[in-house]
Amino acid sequence: MGVTPKIAPSMLSSDFANLASEAERMLNCGADWLHMDIMDGHFVPNLTIGAPVIQSLRKHTKAYLDCHLMVTNPLDYVEPLGKAGASGFTFHVEASRENWRELIQRIKSKGMKPGVALKPGTPIEEVYPLIECENPVEMVLVMTVEPGFGGQKFMLDMMDKVKTLRKKYPSLDIEVDGGLGPSTIEMAASAGANCIVAGSSVFGAPEPAHVISLFKKSVEEAQKNN
């Protein structure tokens, strides 16, 4: 399998008053990416950060900023996030059924890596055209909770989507987000996920580095066995 493990602590669980030092702490603990949850208060009820915060954080880190857009109009965010220094731009398929081709093209034109996310209730088949088109997304994010809030319980039945994707697209980056922790990582890893987003299980741990290392080992072991 041509995909590498990428552990992405969700900065939504960090201390927002000390975002730069929290980012540095996670990277020192072995994080590969930093996951940034951008919510508009419409697509999901919660309201979080936007381009100004990404821009501020970018001044303090060279890390890959993995931005997950839980917004109604993702096109509106491409230019500001590109300018702000976002690395990845993952939009929701539910919010882009009419314009995903233009969206992917614009994301790439701003030097960001395009990804597509889907809610638990959305069939996996909806993302196939975005992976198989001439100008495809480079990652699929399978939500393992309802998007919008941290600390929810991991939905085991979402692993069928991950398994289906991995079988169909062996070299695709597949990300999972929601309820990931030491008790659920093996299920996600053995299903074929290689990008792991985790918030409270990392930030709430006495030793975040230990949790990040455990996640990485789980993905590596699963890749050897598959």
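Keep in mind that glycine also has a Cβ here, set from the backbone N, Cα and C atoms.
Per TrEMBL, these features apply:
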type: BINDING; residues: S10, H68, G148, F149, G150, G151, G179, G199, S200; note: substrate binding site
type: BINDING; residues: H35, D37, H68, D177; note: divalent metal cation binding site
type: ACT_SITE; residues: D37; note: active site, proton acceptor
type: ACT_SITE; residues: D177; note: active site, proton donor
Query raised in the report: Using the residues the record lists for substrate (S10, H68, G148, F149, G150, G151, G179, G199, S200), what whole-number Å value is the largest Cα to Cα distance?
Result: 17
Report summary line: Long-range Cβ list for S10 (substrate binding site), cut-off under 8 Å, min separation 6+ in sequence, same chain only, gives H35, D37, G150, D177, V197, A198, G199, V202
Query - Rounded distance in angstrom between the Cα atoms of S200 (substrate binding site) and H68 (divalent metal cation binding site) - result: 17
Query raised in the report: Which number gives the other C-beta atoms within 10 angstroms of the C-beta of G179 (substrate binding site), all protein chains shown included?
Result: 23
Report task. Mind giving me a neighbour count for H68 (divalent metal cation binding site)? Other Cβ atoms within 10 Å of its Cβ, every protein chain shown. Result -> 27
Report summary line: Close in space but at least six residues away in sequence, with Cβ under 8 Å from that of G148 (substrate binding site), the same-chain residues are M39, V44, P45, N46, M70
Report task. Measuring Cα to Cα, tell me the gap between G179 (substrate binding site) and H68 (divalent metal cation binding site) in whole angstrom. Result -> 16
